[in-house]
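> First, the structure itself, so that you have it in front of you.
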Amino acid sequence: MKKHSARVAPLSSYSAQVLTCPISEGEEGSESHAETPVSETSGKGPAYQACANTVLKVLGGLLVVLCVSSSWVGITQVVQLTFKSFSCPFFITWFSTNWNIFFFPLYYSGHVATTKEKRTPIQKFRECSRLFGEDGMSLKVFLKRTAPFSILWTLTNYLYLLALRKLTATDVSALYCCHKAFVFLLSWIVLKDRFMGVRIVAAIMAITGIVMMAYADGFHGDSFMGVALAVGSASTSALYKVLFKMFLGSANLGEAAHFFSTMGIFNLIFISCVPLILYFTRVEHWGSLSSLPWGYLCGVAGLWLVFNILVNVGVVLTYPILISIGTLLSVPGNAAIDVLKHEVIFSVVRLAATCIICLGFLLLLLPEEWDTVTLRFLTTLADKKTEEHGEELSESSVHTRSRSRANGAVSIPMA
């Protein structure tokens, strides 16, 4: 397997690729009258195949969008249900992160089931460890590369859960969408990515939405603290993504599965001491293990694992922009549950802030060449209208001449 196949690259680097199947050529020495339908078939075959592949890719993308949005909504809602009987956000974060260990075994099972090439788990694990360098995985590389990302991952999720204790699920999910704007700003400053005016506008809209959300209940109390925690979660998520792009580049599905499982192992070995410290200091104290809500805990952890798998698999199988849209759709999904089930009443300021943040998120999804493509489309549309207008004038002129001849009129040329 070549390393460059099906890599999870940054969003702006993706384009709509269409896969076509080769059409076998006709036998040599065929008669001349039989060559015409063969050539027509060979010309139409790739077009039909390309259209079918595009349709399947879009339908698969829509299905992934629905699953991504549902899983993220499920995580947010189940966490809030868990807090009613077990308000220990760091323990929930630690427990859920441990489930990342299952990512690579699940990937390997799918690899064995879908490919003829059979490799042992150790061989596949070593192959996927090339993400960390040509030398593969070592203890030094494990600590150097995994530690900062694991800490940022834990901090992002922990701040997100803390925000859910202060705000509604709709507010937190909307504020978390600001991470897209933070990724652009960090990429522009640190990675020297291309400057785009529309994305600067989107970042300003995100900041405006944050300020409006904090102002909704005044700059004090739990509301302001919840906004700060949600923005902190979005910021650490953006830093995680930018650092990943800076140090590790892009990763295919196998390497992504390897990376998530490695973070799960690091979390289990090195971060397990933190829940114990919080327990003995009574910052997060719980009773016996049998009294813990294991159903809710396993539900949160399982949904988080499904979400991570869907995001990475969806980027490979369909268009990456659809994955981002799936995350955005969690905002109206949470809003519907908050209104129908929890009977939450949103103020006008909060609704306006949420809409501004979501609109900024959509602007950030525009490709880098959107202005050139838009101008080209408008120019083509204007040229087409001009041609149609010219054809209408020529047809009306011909029609007028024919009527004149029918009435016996004779046109005399000017001298």
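Cβ atoms here come from the backbone N, Cα and C positions, even for glycine.
Positions annotated as region 'Disordered' by TrEMBL: 388-415. Residues annotated as transmembrane segment in TrEMBL: 58-79, 91-109, 147-167, 173-191, 198-218, 224-244, 256-281, 301-323, 344-366.
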> Report, as numbers and ranges, which residues of the same chain sit near the transmembrane segment (256-281): CB under 8 Å and 6 or more residues beyond its ends.
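Apart from its flanks, the transmembrane segment (256-281) reaches 8, 88, 90-91, 94, 97-108, 125, 128-129, 131, 137, 142, 146-147, 149-150, 153-154, 248, 308, 312.
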> So if I exclude everything within five residues of the ends of the transmembrane segment (91-109), which remaining residues of that chain have a CB under 8 angstroms from its CBs? That is, six or more out.
79, 82, 121, 124-125, 128, 150, 153-154, 157-158, 161, 253-254, 256-258, 260-261, 263-265, 267-268, 271-272, 274-275, 278, 284, 286, 297, 300-302, 304-305, 308-309
> May I ask for the residues of the chain that lie six or more residues beyond the transmembrane segment (344-366) and have a Cβ under 8 Å from a Cβ within it?
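For the transmembrane segment (344-366), the nonlocal Cβ contacts are 11, 168, 170-171, 174-175, 177-178, 180-181, 184, 198-199, 201-206, 208-210, 212-213, 215-216, 321, 324-325, 328, 331, 335, 338.
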> State, in range form, which of 147-167, 224-244, 301-323 has the highest count of Cβ pairs under 8 Å to the transmembrane segment (58-79).
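Looking only at 147-167, 224-244, 301-323, the most contacts with the transmembrane segment (58-79) come from 301-323.
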